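**Student:** Taken from TrEMBL, the feature active site, proton donor covers 184. Look at TrEMBL and you will find 378 tagged as active site, proton acceptor. The substrate binding site annotation in TrEMBL covers 51, 91, 99, 293, 298, 340, 379, 380, 418.
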């Protein structure tokens, strides 16, 4: 029975509101939250996910950490008996889909940006984006004696020390390391704050002086000092056909275009690799998992250019797997790949967007399973309907429930976005309770289903060439059933 249970039960977490700790770093309304969390616990929810905002904790100055509000929140979660997925949120809150709270980066970091604006992602027209520090400055000593990589490492050490007893008791099951805008390992290619609207292709974000210099050095080393960054890739709300770069047989297919896209996507992989190694050093030995979030950029997936994925840094084409190298990188840190848009169906998207969320989910989850890592995920938009729940259940167990002795693909966890009064309303909550039960394969809540071993030290560094070998040949995704075998029933 135990093995069958483990082979089918998928833990479900619920994301807390973005401002549960408010913009003044105060845990504002613990009484209301406690009542809400108890309702989640009553229906068998396994745990919660929460953003731990850099812009709140280290806002007053370098290494001036204030964990008091989060300590109170985490102690409440422990009291109620909910496991914790903690996101190291090194990005700004505000400017992305669903952001209803604004929490900028720390004031002292933004002040440095006023003097050195190239610390931020920059598009071709020179517009800066203060959502997240450019990966071009990862190892630049510009921040009062530290590099961003050192800042992130120090922050994670401080978090671990502040929550030492909670870690030791095994309550923090996952530490998701923020690696870009919205906490996702990507470039800030589609910012609503700069006028982007779905389904625009977005823009490359590598025109700060640090990344420009890096590209020029790479091109020169490759024997092409005359190559420059793209100047024909359009603007945020273009379609692929509006541009020379993404058009049929466009620049992206040329030697120069392929070189640029390889460099651009490799920089992202190396960024994730370096910071996850620092995270592994910090949390090594704790009973927790590391995770990295990859964005579900499903629009233009069915266009041969995959333009929106390319501007975000995912070098994914019909003959090249842009996600398996990321999964391979995660293998050395024992990392979990957390993916989004699990609730979406192709039929819900406008035809003009050439959107393929179902095929994208299948490709990314298959990439993770082929590299033998845990794959987790979440919905991208708030949904309370049976159609969305059933699509998530299908992706969680794409070939259904395993019988005794069988081994079928299964996600390691799902995080539902997000806790709200809408979710808790009577008509929505009863269906959500059914969804939780189906996530658990109709089994009762199991308190110790998430049984973690101490996090092992990262394996030796894998050369970028070896990581990129995973991109080709692009294999067919694993087969998916047409619908889940354990659906929720709408009333």
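Placement of Cβ uses the backbone N, Cα and C atoms for every residue, glycine included.
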**Student:** Of all the binding-site residues here, 298, 418, which one's CB has the most other CB atoms within 10 A?
**Tutor:** 298
**Student:** In angstrom units, rounded to an integer, how far apart are the Cα atoms of residue 51 (substrate binding site) and residue 184 (active site, proton donor)?
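**Tutor:** Pair distance, Cα basis, whole Å: 12 Å.
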**Student:** List only the single closest residue to residue 378 (active site, proton acceptor), chosen from the recorded positions 184, 298, 418 by CA-CA distance.
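**Tutor:** That would be 418, the closest of 184, 298, 418 to residue 378 (active site, proton acceptor).
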**Student:** Count the Cβ atoms, other than its own, that fall within 10 Å of the Cβ of residue 184 (active site, proton donor), considering every protein chain shown.
**Tutor:** 24
**Student:** Using Cβ-Cβ distances, find the residues under 8 Å from residue 379 (substrate binding site) that belong to the same chain and are at least 6 apart in sequence, listing them in sequence order.
**Tutor:** 340, 341, 342, 343, 388, 392, 416, 417
**Student:** Test of understanding: give the count of other CB atoms lying within 10 angstroms of the CB of residue 51 (substrate binding site).
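**Tutor:** So the number of other Cβ atoms within 10 Å of residue 51 (substrate binding site) is 24.
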